[in-house]
Amino acid sequence: MEGVLQTRGLLSLPSKPKIKAFYPLPQGGVRHRFNSSIPLKAKPLNGLSLSSNGFQKFQEFAPKTQLFGQKNRSFPICKAETAAAAAGQPLFAEKEQPKFMGIELVTLKKIIPLGAMFFCILFNYTILRDTKDVLVVTAKGSSAEIIPFLKTWVNLPMAIGFMLMYTKLANVLSKEALFYTVIFPFIAFFGAFGFVLYPFSNYLHPTAFADKLLNTLGPRFLGPIAILRIWSFCLFYVMAELWGSVVVSVLFWGLANQITTVDEAKRFYPLFGLGANVALIFSGRTVKYFSSLRSSLGPGVDGWAISLKGMMSIVVLMGGTICFFNWWVNRNVPLPTRSKKKKVKPNMTTMESLKFLVSSKYIRNLATLVVAYGISINLVEVTWKSKLKAQFPSPNEYSAFMGDFSTATGIATFTMMLLSQWIFDKYGWGAAAKITPTVLLVTGVGFFSLLLFGAPLTPTLAKFGMTPLLAAVYVGAMQNIFSKSAKYSLFDPCKEMAYIPLDEDTKVKGKAAIDVVCNPLGKSGGALIQQFMILTFGSLASSTPYLGSVLLVIVLAWLAAAKSLDGQFTQLRREEELEKEMERATLKIPVVSENGNGPLSSSSSLNPAGGDSTNASSETSSPRSL
């Protein structure tokens, strides 16, 4: 019987070796060194594969009897085998990747630039988010009533238009080129706004025409007319909103999902936000600083214009940094191995893409999560901002409070990020996905309850130096802080993990549809509900009980969608792991035996003289290939 041993490097034998056995030379000399009376049999090597390329396992040849005076001895092929047998390790294990602080350097090459990108993106978003509210709420001829109209009639159409454009560009551009094509217009606009649009806004805004329309149509149309009156401010508002939907959700998380695995995502996605929320803290202090700068300037000096130039310069600088990290990642980080059996879909038209996404229950559940969050947070946030404007009518005071609010949000989110990995490890994806709606429901009930039943608490609040209005502002701020911290630390990582098992076509187009359309659709849906309530019941305060009821229904639907998506996500993960195992099997990757403690699980596996044919045959069936 012949045995074939095919290896590389340390062991190299002929492809058809002759059958030989090597023993100590007997006294008879060289011609007696081979005892022909000793029959040879092939004995399978228990649990051992010496092939680095997936070739068949070899058989060693052991004598059935022992020579005179020879004890039970083993003949390891080489010292490497002996060391491997002693250590219980595979003979030809893959080289261990270099690590730093327990993390592979390959993984660090992904995590560090992604964390830096998220830092810069959230730093910009905090400045833009705080500035957009001050611009449109405190502008002359405008008020907080403009926000629902902006979200419904301006932000949503522009988001849909961007999604259609993005879907077409995704079919013709590489992912890197698509990234730059999308982010450069944002950077250019914010730079132009600080240095061109705002300084010349008095010449660009049709103030006289807006006054004429207001006199003709009446104060009921103050909100729609204000959009025309301060159109450049409204454009800034919409671009700031789209920065959160496009740059954060589509560009950053699209890149992160492209270069990370699910295991890496579970470990590091929650931690991405740690650096981002450090940015949130610092950006809040930045807004606070520029707010103080405006108040310290003398009369006749447009402090707001000076502050905008400083903040927009920072936004442009951070935008350039984001582009640099994207360039570095695309040239230095290899893509992870994905299942090659994923269904690859052909290029589809826009309508075909929408029909495909609507037909997918998985995508519908994801869309429900995003829309429900948008409606829920909007129902509470707009009501809170109306109280905030009443408490802090001055732009300086309003902006300073928003800076403190952003800093507190960053601290709370940083704390939640530290807990998020433990939540994912201990309770899994499903439990983590349900925390955000639960937090929003509990805090929302507290906020609406204070608005409805705050009057009887006036004497008690006066003892603490607060009015019901100020108490409502603080409770609403706490509601927003806790809800946003849960969103950044748990909701966003859960949502992004859900995209990873999908095929590339569903991932790219589904992400664009959900993050760019469903996100503003949720906010616009909340705005439409508020507009309907105001027109029906006369004021936002009168509609508060009904808004609370709507919030309850939306959150319950959110929890149901999260539960359904949990089951589908788990199933997809199992299928992906099964496909990877099947691919490994087709490549004939050698896998160690489960028999014993390692590939050389027992001393008899390398002992030519030990064991018998029955024991050997029973041991042969134990190795398996994944």
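Backbone N, Cα and C atoms are what each Cβ position is placed from, and that goes for glycine too.
Nobody curates TrEMBL annotations by hand; they come from automatic prediction.
Copied over from TrEMBL:
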{"type": "TRANSMEM", "residues": "111-128", "note": "transmembrane segment"}
{"type": "TRANSMEM", "residues": "148-166", "note": "transmembrane segment"}
{"type": "TRANSMEM", "residues": "178-200", "note": "transmembrane segment"}
{"type": "TRANSMEM", "residues": "230-256", "note": "transmembrane segment"}
{"type": "TRANSMEM", "residues": "268-290", "note": "transmembrane segment"}
{"type": "TRANSMEM", "residues": "310-329", "note": "transmembrane segment"}
{"type": "TRANSMEM", "residues": "400-419", "note": "transmembrane segment"}
{"type": "TRANSMEM", "residues": "431-455", "note": "transmembrane segment"}
{"type": "TRANSMEM", "residues": "461-482", "note": "transmembrane segment"}
{"type": "TRANSMEM", "residues": "532-561", "note": "transmembrane segment"}
{"type": "REGION", "residues": "584-626", "note": "region 'Disordered'"}
{"type": "COMPBIAS", "residues": "595-608", "note": "compositional bias 'Low complexity'"}
{"type": "COMPBIAS", "residues": "612-626", "note": "compositional bias 'Polar residues'"}
Most Cβ pairs under 8 Å with the transmembrane segment (178-200), selected from 230-256, 268-290, 310-329, 461-482: 310-329
Cβ contacts the transmembrane segment (230-256)/the transmembrane segment (111-128), at least three under 8 Å, sequence gap 6 or more: yes
Within-chain partners of the transmembrane segment (532-561) [C-beta distance under 8 Å, separation at least 6 from its ends]: 365, 368-369, 372-373, 375-376, 379-380, 383, 386, 434, 437-438, 440-441, 444-445, 448, 451-452
Considering the transmembrane segment (268-290), which listed stretch of 148-166, 310-329, 400-419 counts the most C-beta pairs under 8 Å: 400-419
Long-range Cβ neighbours of the transmembrane segment (148-166) (under 8 Å; 6 or more residues past either end): 136, 178, 182, 223-224, 226-227, 234, 237-238, 241-242, 245-246, 250, 350, 378, 382, 512-513, 516-517, 519-521, 523-524, 526-528, 530-531
